[in-house]
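Asker: Questions regarding the structure given below will be posed in turn.
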Amino acid sequence: MQYIDKLVDEVRICEFGALTHAKAAVPEPEAETAVPNPPASIKSKHPPAEDDAEGENDEETSESFKSTKAKRSTPQVTNQPVSQKDDEDENDGKTSKVFKSKRAKPGPKGQPKADKCAHCLNQEYFCDRNLSSNDSNVPCSKCRRWNKNVDKVWGKRDSHPIFRPCLSLPTTNLKEELLLTPRNHAVAQSEHQNQYKLNHNSPRARKTMRQQPNIVITGTPGVGKSTHAEAVAARTNLTHLTINDFARERGCLDGHDNRLNSAIVDDDRLLDALTAEGVKEKGGYIIDWHACDLYPESWIDLVVVVRADVEVLQKRLVGRGYEGEKLQENIDSEFFQVLLEEARESYEEEIVVELKSDETGDLDANVERIVSWVETWRTNRASENEDDDIETGAT
Ligand SMILES: Nc1ncnc2c1ncn2[C@@H]1O[C@H](COP(=O)(O)OP(=O)(O)OP(=O)(O)O)[C@@H](O)[C@H]1O
């Protein structure tokens with residue numbers, strides 16, 4: 001419950017144990033009425049244009065490296081201009097300049113910051129004191145996120161206890177209201193859609209050389225990524241790749257964040273190591289890490305964002321010994337669904353699914369769905385291989 005006390009604080013990152021940055025842009029809410037296509041073979045779902053853009057012909061050149069938010073442990077987020085990102089992506093998939101910056105590297109110093117953004121001026125209950133801009137007319141990242149999410153998460157903006165103070169000061173205890181309001185209402189709806197998507201949607205409609213799928217399992221520390229990944233790996237023979245361990249083993253660390261007591265991962269080196277591992281070509285990996293935005297889109301076939309109720313998560317993290325700032329930032333990140341938004345911004349909507357993991361029953365159901373997805377992917381892959389053999393005249 002303590003998370004509410006610091007709701008106004010900047011969502012910062014932690015690395016290896018805590019989470020991430022405030023995002024400058026928030027995607028539009030998921031289309032509530034989107035109905036996934038019926039299952040079909042991978043091939044039948046490949047529009048030629050997409051194949052051309054992302055198939056094996058141009059290999060890495062069209063890859064969209066997305067690690068533009070490299071300073072994960074900084075309060076300020078520096079957004080990479082799109083044009084620069086595209087230019088750098090052309091360097092044949094090897095680590096582009098975008099990756100030169102390290103995660104959790106300290107941000108720019110010395111810039112005077114406005115105390116509050118224009119929006120915060122009237123929103124004293126959640127003003128953002130760590131603005132990424134020194135222009136007070138630019139809404140801070142937290143205000144932008146709240147504006148986007150408040151209707152979605154709370155149903156109606158007017159019913160949100162934090163917005164009410166804008167009209168009149170609250171008459172009841174703010175914390176109590178926050179806890180009593182059914183904030184999971186909209187989350188439950190979108191969860192239903194996500195599960196439907198996972199159950200019914202065809203695996204990635206993209207031609208790939210891989211014979212096995214790659215799955216990213218992401219989420220705030222403690223939501224259950226590793227538990228899911230292990231269970232799915234055991235059922236599917238996919239390789240569970242814990243990035244924390246992988247980065248350490250392959251020398252991809254770049255120092256230590258003393259404030260958060262977390263190792264700092266160098267994106268550049270990590271992607272080089274993953275490339276050397278053959279993640280893109282071979283496939284067959286379940287990539288388990290809280291960050292999901294650094295992998296090229298063409299590497300990934302499914303992104304699972306594991307979610308947990310903040311109170312459940314808090315108990316888990318406290319049980320692990322998290323406390324203070326590190327605990328708070330993780331709870332805030334889950335509350336603000338930072339990782340879900342990051343996934344939605346970084347990958348096509350059709351491959352991103354959000355799965356709740358509060359109880360054992362959730363875990364079992366989620367694993368079942370992911371396993372079923374893998375089986376369908378493999379079936380479609382085999383079917384495409386057969387088609388290719390027929391086309392090439394192979395026996
Ligand atoms: N659905 C669930 N029901 C009950 N307990 C769960 C569930 N999912 C995870 N847990 C428990 O929560 C704890 C954290 O799980 P896990 O280590 O898988 O999280 P994580 O997201 O991988 O964390 P990290 O990012 O720090 O590695 C574990 O004790 C696990 O048993």
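Glycine is no exception: its Cβ is also placed from the backbone N, Cα and C atoms.
Please treat TrEMBL annotations as automatic predictions, because they have not gone through curation.
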Asker: TrEMBL records G222, G224, K225, S226, T227 as ATP-binding residues. Which of R259, R269, R320 is assigned to the same site?
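Answerer: So the ATP site in TrEMBL includes G222, G224, K225, S226, T227 plus, from the candidates R259, R269, R320, R320.
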Asker: Looking at 146-169, 242-265, which one is region 'NMPbind' according to TrEMBL?
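Answerer: That would be 242-265, per the region 'NMPbind' entry in TrEMBL.
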Asker: In TrEMBL, which of the ranges 132-142, 319-329, 352-362 has the region 'LID' annotation?
Answerer: 319-329
Asker: Taking ligand 1 as the reference and 6 angstroms as the Cβ limit (strictly under), which binding-site residues among G222, G224, K225, S226, R320 are close?
Answerer: G222, G224, K225, S226
Asker: Please report the DSSP secondary structure of T227 (ATP binding site), reduced to three states.
Answerer: helix
Asker: Between K225, R320, which of the binding-site residues has the fewest other CB atoms within 10 angstroms in the structure shown?
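Answerer: Candidates: the binding-site residues K225, R320. Fewest Cβ atoms within 10 Å: R320.
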Asker: Specify all same-chain residues, apart from the site residues G222, G224, K225, S226, T227, R320, whose Cβ lies within 8 angstroms of the center of the Cβ atoms of the ATP site, ordered by sequence.
Answerer: G219, P221, V223, V306, R316
